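Now, the feature entries from Swiss-Prot:
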| type | residues | note |
| --- | --- | --- |
| BINDING | GLY17, PRO18, MET19, PHE20, ALA21, GLY22, LYS23, THR24 | ATP binding site |
| ACT_SITE | GLU92 | active site, proton acceptor |
| BINDING | PHE121, LEU166, ILE167, LEU168, ALA169, GLY170 | substrate binding site |
| BINDING | CYS146, CYS149, CYS179, CYS182 | Zn(2+) binding site |
Amino acid sequence: MNIIRKLKPGTISLVLGPMFAGKTTFLIHCIYMLERLEKKVVFIKSTKNTRDKTIKTHSGIQLRPKQCKIIESTQLSDVGSLTDIHAVVVDEAHFFDDLIKCRTWAEEEKIIILAGLNASFEQKMFPPIVRIFPYCSWVKYIGRTCMKCNQHNACFNVRKNADKTLILAGGSELYVTCCNNCLKNTFIKQLQPIKY
């Protein structure tokens, strides 16, 4: 189904998945489609993501927008006025404590597209994602293959080091995504017991 039919003014769309699944690639695709429809788009990136100063995926795909305005911010409430904007695209949405601000933009008839992790390295959902979820009119899950066994769907993000900081930006040097079997059989030793 054509994604553009789902992206309507006044709606919030959410793309979730583990690291390295292609969420940012999906956002870049949406931006290009919106630009072809002559929509003014703003791309919001968290300053907590210190990996790269450009809009670039883990696989090296880089955003080269025609008109898209790129904003780096710690909080969405610091973004300022978006009166002339048709669509707001937020990458790494789990980094924004005030993600619920997107409701205000949706009420202003903006198209909202969010992408974020399905869970932390502790296998817990991020509170900002939990708070915005009920207001999303469309949710897409993007998966990937386990980086350990290459056989099963990976839905878990596992940190390779013992750092317990909740937000620690990084790529494959710090994280691996794995399936349930590999989580239990290989990585569970570095995690505390998972509580549901």
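Cβ coordinates are placed from backbone N, Cα and C, and glycine is handled just like the others.
DSSP assigns LYS23 (ATP binding site) to a helix. PHE121 (substrate binding site) and ALA21 (ATP binding site) have their C-alpha atoms 15 Å apart, to the nearest angstrom.
Rounded to a whole value, the Cα-Cα separation of CYS149 (Zn(2+) binding site) and GLY17 (ATP binding site) is 18 Å. Fewest Cβ neighbours within 10 Å among the binding-site residues PRO18, PHE20, LYS23, PHE121, CYS149: this applies to CYS149. In three-state terms derived from DSSP, CYS179 (Zn(2+) binding site) belongs to neither a helical nor a strand segment and is classed as coil. Once Cβ contacts within 10 Å are tallied over all protein chains shown, the binding-site residues MET19, ALA21, CYS146, CYS179, CYS182 are led by ALA21. When the C-alpha distances from THR24 (ATP binding site) to the recorded positions GLU92, CYS146, CYS179, CYS182 are tabulated, the minimum falls on GLU92. For the Zn(2+) site, the Cβ centre of CYS146, CYS149, CYS179, CYS182 serves as reference, and the other residues of the chain with Cβ at most 8 Å from it are THR145, MET147, LYS148, ASN150, GLN151, HIS152, ALA154, CYS178, ASN180, ASN181, LEU183.
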